[in-house]
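**Q** The following feature annotations were taken from TrEMBL:
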ACT_SITE  E107  active site, nucleophile
ACT_SITE  E111  active site, proton donor
DOMAIN    1-221  domain 'GH16'
CARBOHYD  N115  N-linked glycosylation site
Amino acid sequence: MAIFYSLRNVGVSMLLWVLVSCVCVLGRPATFLQDFRITWSDSHIRQIDGGRAIQLILDQNSGCGFASNRQYLFGRVSMKIKLIPGDSAGTVTAFYMNSNTDSVRDELDFEFLGNRTGQPYTVQTNIYAHGKGDREQRVNLWFDPAADFHTYTILWNHHHIVFFVDEVPIRVYKNNEARGIPYPKLQPMGVYSTLWEADDWATRGGLEKINWSKAPFYSYYKDFDIEGCPVPGPATCASNPTNWWEGATYQALNAMEARRYRWVRMNHMIYDYCTDKSRYPVTPPECVAGI
């Protein structure tokens with residue numbers, strides 16, 4: 001569901017104007033084609049329940065992908081996803097935001113790395129700011145993400161970027177521009193998702209290869225929800241401090257979120273680039289500043 005202007009910020013008269021002029025998509029959940037388009041292999045994406053859910057397919061012929069119809073500058077994006085069950089080694093299901101620029105790319109990544117049957121699913125997050133990435137963190141999910149749908153969310157405002165799994169924050173990247181650390185805030189980003197083969201790196205560093213006898217592989221999406229400032233759109237939207245995602249409630253983790261965040265990092269994080277001395281003998285500055 002794409003909401004271009006937060007309804008929490010408008011009065012009754014403005015709300016009536018919005019309803020009459022159909023600026024907003026108010027139905028929840030929205031259908032896939034209201035907000036997205038297929039970008040790769042339309043034969044491998046199937047709409048379910050009148051487009052309220054979709055199935056992504058990976059086989060030996062192709063993977064597939066889709067993207068939002070518009071780009072956004074700040075806001076919140078979430079989807080409910082059910083991942084590939086069973087032996088999913090070598091597959092990657094990705095949900096991310098991307099500025100679709102080359103040398104100065106901004107990008108916020110969820111990448112779900114498949115594994116052998118019975119082994120935990122790993123979610124890798126990464127952040128590109130002003131063209132610089134290589135900020136990977138990996139967390140083993142504490143539930144079976146193929147048994148049911150779970151909500152994956154990216155919150156992006158002027159204060160921080162937070163990756164959520166259901167209501168649990170698994171990653172925080174603070175805006176430390178005052179310390180000279182890049183932060184994505186100038187380029188709008190689209191919302192993307194892909195299902196693809198990556199058995200050269202995805203599972204145990206490429207040691208576990210994809211088992212094509214288990215193909216086709218399926219992942220499922222529903223409840224597409226985008227709330228943010230569309231670009232092109234009102235020039236003042238992204239800098240408007242009254243946007244709900246810029247409010248005091250969303251400028252830092254609350255006490256419960258902070259406890260959950262610490263719990264994830266203590267019990268389920270399996271890789272953090274900040275502590276990888278083989279890659280970074282000198283700790284990256286954003287790690288020193290605090291993430």
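Note that Cβ sites are derived from N, Cα and C of the backbone, with glycine treated the same way.
Whatever TrEMBL says is automated annotation, not expert-curated.
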**Q** Might you list, by sequence position, any residue in that chain lying six or more from the residue listed as 'active site, nucleophile' with a Cβ less than 8 Å away from its Cβ?
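**A** Counting only residues 6 or more apart in sequence, the Cβ neighbours of the residue listed as 'active site, nucleophile' under 8 Å are Y96, M97, N98, S99, N126, I127, Y128, G133, M189.
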**Q** In sequence order, what residues of the same chain, 6+ apart, have a Cβ less than 8 Å from the Cβ of the residue listed as 'active site, proton donor'?
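**A** Result: V92, T93, A94, Y96, V123, Q124, T125, N126.
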